[in-house]
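Straight from TrEMBL, the features:
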| type | residues | note |
| --- | --- | --- |
| TRANSMEM | 12-32 | transmembrane segment |
| TRANSMEM | 44-65 | transmembrane segment |
| TRANSMEM | 86-108 | transmembrane segment |
| TRANSMEM | 128-147 | transmembrane segment |
| TRANSMEM | 159-180 | transmembrane segment |
| TRANSMEM | 192-215 | transmembrane segment |
């Protein structure tokens, strides 16, 4: 419990709330059907990608800027963050998403807001097809996040914020035609399997592949259990530490 009683932890949780609020506000706002200018797939993809890149650059050093329950759960599966941090991050992200959508609803004209561009299936896509798409798109996003923020990489690895932003944009360039990524943007209980299970499964598969097979950490079981129980608030973002 010591972890959650620190100012650093409170800041990190607040940042996850704030960044998810901003992300949802910008992303959904870009997808609304304004009568004078209907949104294009390119516009929506760039808005989501640029928003993520900006938020990762602004807040990544405070919380890791997960901004997605699937990403947070995948970090936990990869033994990078504690259970309590996972729990509070996901709650903050969900509340932030609701707040962002609520603000957008309040500032949008009634003839434009529609259903606020919530996740739905498009172009006669079946739930099974959409589930596979969600798994693949979230897999590539999570893999990009893990690799681009891994401090064990040597040499110049570029700008993580830019890489992650481009990964989100690429996912939306493909996914908008079928559906949109991210469990925090889904209306429950409609399509919960596609937009919750799909992203979480895809991110967790990427986590298992990256942290346990491709680039594993040398940790014994006691070290892994210690991380699950508590993670030092001084390590932010949590991923990228060396253990022996």
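Here the Cβ of each residue, glycine as well, is placed from N, Cα and C on the backbone.
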Winner by Cβ pairs under 8 Å against the transmembrane segment (128-147), considering only 44-65, 159-180, 192-215: 192-215
Residues of the parent chain within Cβ reach of the transmembrane segment (192-215), under 8 Å, 6 or more residues beyond its termini: 68-71, 73-75, 77-80, 119, 121, 127, 130-143, 146-147, 150, 152, 179, 181-183, 185-186
Long-range Cβ neighbours of the transmembrane segment (44-65) (under 8 Å; 6 or more residues past either end): 11-13, 15-16, 18-19, 22-23, 26-27, 29-31, 75, 81, 89, 149, 159-162, 164-170, 172-173, 176, 236-239
